[in-house]
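Record features, source TrEMBL:
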BINDING   Arg96  NADP(+) binding site
BINDING   Arg173, Ala174, Ser175, Gly335, Lys350, Pro351, Thr352, Ala353, Thr354, Arg376  FMN binding site
Amino acid sequence: MAGLSMINIDPASGKTLELREKIASDDFSRHRHNLALKDSPDLPSSTPDMSNSFGQIFRISTWGESHGGGVGVVIDGCPPQIPLSEEEIQIDLDRRRPGQSEIVTPRKENDSCEILSGVFEGKTLGTPIAILVRNKDQRPSSYNEMKDKYRPSHADYTYDAKYGTRAWHGGGRASARETIGRVAAAVVAKKVLAQLYPGIEILSWVQSVKDIEAQVDGQTVTSAMIESNIVRTGDPEAVGPMVDLIKQMRSEGNSVGGVVECVVRNAPAGLGNPVFGKLEATLAQAMMSLPATKGFEIGSGFGGTQLTGAEHNDPFYMEGDVVRTTTNRSGGVQGGISNGENISFRVAFKPTATIMTEQQTVGSDHKDTELKGRGRHDPCVLPRAVPIVEAMTALTLCDHALLHAAQCGSVNHP
């Protein structure tokens, strides 16, 4: 039987006197530690963030596993008296749910949401909002072989290395099913943003699938254009080739990745903070927290390294009483703070890790073996990633908007 982590604390000083982790079971021998910490700094007064929460004022905490009883979110810091219904939340949940087209996972989930707290008579109370989505179509038996084998490029090995255990029925917390809570919370965030900044609009689309590039104008693309096709790209000419490639990958038991682009139109100037609280830094953190993400760039991104300063700078000019820029290579953010231009960035998604072909791997016994993927998986995550990218953008901007209001009030100095 595994031993317990034992922490001895001096009640007078609050300092850690000794920490010992005793693990007796041979099954967990690779996790054995024997640490002695003497006269450590004072322990923090609050519990450290264990990475299931996001945001400072508008704060969300997601919970649940892909094949557990359900998934959900608790939203704290939402202002009161904002109209909110389950039907409104359901619209965006339906955009990310599985089984919605022939190019996504065939798992059948209605993803029907239930508001458990924080809303009364159709309006938010200002208290924590809890939202639940119950899992209905679990098939844990599809993952029996993965109990003792690590899927290449998945979170199986790293979760085992960190915790000594994992939810091997599907991806557990590493599954994209975790993002249901984010999408639900973002519906609330978008309502807060709409009240603070009327006209603000967040749109994402599939910019590329592997080497197939879409031609999309971020100034003019509309939600209707994006939602008119199952890939969710804003370029009608790219839809056919993208769909064909994804179908080919599925038929071969393979997968493919690509890029989702996002634009925030009518964004105000002044969101974000200097140094560690930069808007692009928190956007990058938000996007890189999503499953399967491998890259983030804003504005000119890596392409800007090929330009000179004279070519890259965005000259200012006056449009009435509003400060504008003639170009937008900064992506709407300068010095970590939004400048009032469109916020534009791109997120790279890798090919889905679970594929249906034989692969070399190792087991939990640390012996070489082979594994062929089982279960139901997206051959390409991009179509369902579009609303998730929008969701994390809304959550990030909402938190920054409330932080800005708390520090600076409603003053918009430019």
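Heads up, the Cβ atoms here are built off N, Cα and C, so glycines get one too.
Here the features listed in TrEMBL are placed on the structure.
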residue: Arg96; record: NADP(+) binding site; contacts (Cβ under 8 Å, 6+ apart): Asp111, Thr179, Ile180, Val183, Arg384, Pro387, Ile388
residue: Arg173; record: FMN binding site; contacts (Cβ under 8 Å, 6+ apart): Asn52, Glu65, Tyr159, Ala167
residue: Ser175; record: FMN binding site; contacts (Cβ under 8 Å, 6+ apart): Glu65, Ser66, Pro291
residue: Lys350; record: FMN binding site; contacts (Cβ under 8 Å, 6+ apart): Ser153, Gly257, Ala292, Thr293, Lys294
residue: Thr352; record: FMN binding site; contacts (Cβ under 8 Å, 6+ apart): Ser255, Gly257, Ala292, His377, Asp378, Pro379, Cys380, Val381
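If you draw a 10 Å sphere around the CB of Thr354 (FMN binding site), it holds 23 other CB atoms from the protein chains shown.
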